[in-house]
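Over in Swiss-Prot, the protein carries these features:
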type: BINDING; residues: GLY81, 84-85, 91-94, 109-117, SER121; note: 5-phospho-alpha-D-ribose 1-diphosphate binding site
type: BINDING; residues: GLY81, ASN112; note: anthranilate 1 binding site
type: BINDING; residues: SER93, GLU227; note: Mg(2+) 1 binding site
type: BINDING; residues: ARG167; note: anthranilate 2 binding site
type: BINDING; residues: ASP226, GLU227; note: Mg(2+) 2 binding site
Amino acid sequence: MQMRDAIGAVMRHRHLSFDDTHAVMRAIMTGEASDAQIGGFLIGLAMKGETAEEITAAAQVMRELMTPVEVDRSHLVDIVGTGGDGANLFNVSTASSFVVAAAGGRVAKHGNRSVSSSSGSADLFDVAGISLELPPVEVARCITEIGVGFMFAPMHHQAMRHAIGPRREMGVRTVFNILGPLTNPAGAPNQLLGVYDPALLTIMAEALRRLGSEHVLVVNAEDGLDEISLAAPTRVAELRDGEIHEYTIAPEDFGIERQALAPLKVVTAEDSLKLVKAALVGEGPAADIVALNAGAALYAAGVADTLSEGVVLAQDSQASKLPLEKMKELADFTRILAHKDER
């Protein structure tokens with residue numbers, strides 16, 4: 001399908017087939033489309049509303065063009081959010097990654113700088129002294145030897161550069177805002193994925209089913225968080241064994257008291273790091289929200305058989321203080337690798 005035809009179709013609110021979307025997105029990500037065409041298509045698609053088929057095709061193109069990380073995928077999980085919830089909480093997903101690693105999971109963390117919060121994964125890793133710009137083979141070593149590896153999105157998705165200008169100038173959400181969680185460079189088959197809009201729950205679960213994921217929990221809290229909330233019930237769309245089931249969970253289901261989110265809000269990455277460190281050793285409300293999310297990730301990864309068991313494993317992990325040691329270990333390891341690459 002030609003760009004002009006695709007723009008006309010989405011402007012008339014016509015859904016595109018997988019093949020047509022794939023062709024258009026490939027033109028965008030290989031530099032064949034003009035900025036005006038990119039902007040027109042993305043706006044038209046957003047106003048129409050993206051289907052699971054269109055999202056799947058767009059993600060497939062990104063996967064075909066990305067720089068992959070080759071690693072064993074057993075018990076491999078990504079903990080990621082779309083961003084866009086505007087809550088400005090500390091980085092719950094990154095803290096959860098270290099808890100999961102200390103409990104026996106393996107985390108391929110795919111992230112970028114902040115979208116909606118004061119501290120994205122990359123921002124936090126910067127202040128924690130964890131090197132971001134490692135080549136794929138060394139990211140794989142981090143995952144294999146420590147249990148956590150961080151894949152800085154711009155290093156693995158260079159094809160995205162063709163859409164940066166139009167996206168920045170438009171300043172609105174487009175399909176690109178939800179593609180990151182669907183394009184893990186290590187091919188993590190399991191995920192805890194937070195979304196900013198409840199309408200995306202089943203759409204994202206269906207897209208991941210089509211892309212071959214094994215066990216995924218897509219979550220959106222009733223208070224708007226793109227993760228499992230400590231302050232409100234959270235809706236879940238769970239993909240497992242090729243089937244999608246929806247249900248709702250709440251903190252009290254796991255013996256955790258509901259608490260306000262205000263103490264978890266941060267302004268800087270340094271603020272976020274303080275709360276992350278508290279969460280990693282089981283201190284305060286930060287520990288509780290991390291236990292919920294890390295527990296869900298342990299369940300998705302197959303380390304725990306149930307969500308409840310996952311939360312207990314996460315709490316035991318925090319009590320051991322090992323997650324904080326994992327973070328220090330990753331900082332030391334990536335520093336050594338980064339210095340080696342500079343020689």
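Cβ atoms here come from the backbone N, Cα and C positions, even for glycine.
On the structure: features taken from Swiss-Prot.
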| residue | record | Cβ contacts under 8 Å, 6 or more apart |
| --- | --- | --- |
| GLY81 | 5-phospho-alpha-D-ribose 1-diphosphate binding site | SER93, PRO181, LEU193, GLY194, VAL195, TYR196, ASP226, GLU227 |
| THR94 | 5-phospho-alpha-D-ribose 1-diphosphate binding site | ILE79, LYS109, GLY111, SER121, LEU124, PHE125, VAL276 |
| ARG167 | anthranilate 2 binding site | LEU42, THR174, PHE176 |
Item to complete: Within 10 Å of each Cβ, count the other Cβ atoms, then let me know which of the binding-site residues ASN91, ASN112 comes out lowest.
Response: ASN112
Worksheet item: Per residue, counting other C-beta atoms within 10 angstroms of the C-beta, which of the binding-site residues SER93, ASP226, GLU227 reaches the highest number?
Response: ASP226
Worksheet item: Hey, how far is ASN91 (5-phospho-alpha-D-ribose 1-diphosphate binding site) from ASN112 (anthranilate 1 binding site), Cα to Cα, in Å?
Response: 12
Practice prompt. Please classify the secondary structure at ASN112 (anthranilate 1 binding site) using three-state DSSP.
Written response: coil
Worksheet, complete the sentence: Simplified to three states, DSSP reports ASP226 (Mg(2+) 2 binding site) as coil
Discussion item. At a 10 Å cut-off from the C-beta of GLY111 (5-phospho-alpha-D-ribose 1-diphosphate binding site), count the other C-beta atoms across all protein chains.
Written reply: 28
